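What follows is a short report on a single structure.
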Amino acid sequence: MRVTVLSGAGISAESGVPTFRDSKNGLWSRFDPYQLSSIDGWLQNPERVWGWYLWRHHLLTQVEPNEGHRAIAAWQDHAEVCVITQNVDDLHERAGSRPVHHLHGSLFEFRCARCGLPYTGELPEIVEATTDMEPPRCRCGGLIRPDIVWFGEPLPEEPWQRAVEATEAADVMVVVGTSAIVYPAAGLPELALSRGISVVEVNPEQTPLSASATVSIREPASRALPGLLHRLTALLN
Ligand code: APR
């Protein structure tokens with residue numbers, strides 16, 4: 001059975017990684033996405049953006065994959081699994097999932113904003129979110145930036161192509177931990193449904209996908225995912 005997973009920030013919530021739109025401690029309730037996650041914000045104040053992403057990078061080095069990540073990795077023993085994630089953390093990889101396609105980039109990849117050369121230099125540990133810091137410079141003189149897709153920027157071509165292929169080839173798509181409102185990623189479950197592919201949503205909250213999903217499981221990832229493949233196999237065979 002071919003299972004394609006689309007994950008969002010919610011799958012990492014139980015690892016202690018803040019989501020974006022959670023009303024209580026979501027990142028966008030505490031910080032301005034325009035200032036910190038847009039090319040304009042970067043051009044206006046690269047020090048503030050660089051310090052904020054180094055803080056998020058520091059947070060990610062302090063957390064572990066949870067039962068949800070581990071369940072998806074374990075599915076690989078029983079099915080052909082392809083993980084597409086909107087997340088910039090490496091928790092799917094650390095749980096053992098392969099391949100993982102990052103539609104919005106990764107907080108473990110950095111590159112020159114001018115020439116695109118990857119940056120592999122040392123990164124200072126920033127423990128405060130509001131620490132402005134001068135980004136390092138590339139040998140071409142450009143500033144080093146996170147290799148993350150900011151609002152208004154195009155998605156990287158290769159992960160997007162893999163994501164569309166994996167969606168169209170799936171026997172079932174599991175959509176976990178996403179508010180399903182940011183396109184083009186949010187269009188993938190719609191593509192699956194348009195091809196007659198079952199879409200199973202896992203989210204403790206209702207989302208715009210919930211009504212059209214084949215099944216919408218109103219549970220957190222660490223509870224719903226461990227037994228899900230077994231249930232899906234019984235349902236689909
Ligand atoms: N298990 C499953 N889902 C959860 C859990 C959990 N334990 N906890 C929270 N959620 C759900 C929330 O109900 C919400 O629907 O995860 C979702 C998180 O939504 P967002 O914070 O909007 O994150 P995401 O959907 O990944 O955002 C998409 O927006 O800001 C951009 O680039 C950023 O990749 C991000 C994109």
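Cβ coordinates come from backbone N, Cα and C, glycine included.
Binding of NAD(+) is attributed by TrEMBL to GLN86, ASN87, VAL88, ASP89, GLY177, THR178, SER179, ASN203, PRO204, GLU205, and the same site annotation extends, among ALA71, ALA221, ALA224, to ALA221. Ranking the recorded positions TYR53, HIS104, CYS115, CYS140 by the distance of their Cα atoms from the Cα of GLY177 (NAD(+) binding site) places HIS104 first.
Cα of CYS138 (Zn(2+) binding site) to Cα of TYR53 (substrate binding site): a span of 18 Å.
Selection of the binding-site residues TYR53, ARG56, VAL88, ALA221 by a Cβ distance under 6 Å from ligand 1 yields, in sequence order, ALA221.
When Cβ atoms from all protein chains are considered, those within 10 Å of GLY177 (NAD(+) binding site) total 25, not counting its own.
PRO204 (NAD(+) binding site) falls outside any helix or strand according to DSSP and counts as coil. For CYS138 (Zn(2+) binding site), other Cβ atoms within 10 Å of its Cβ number 20.
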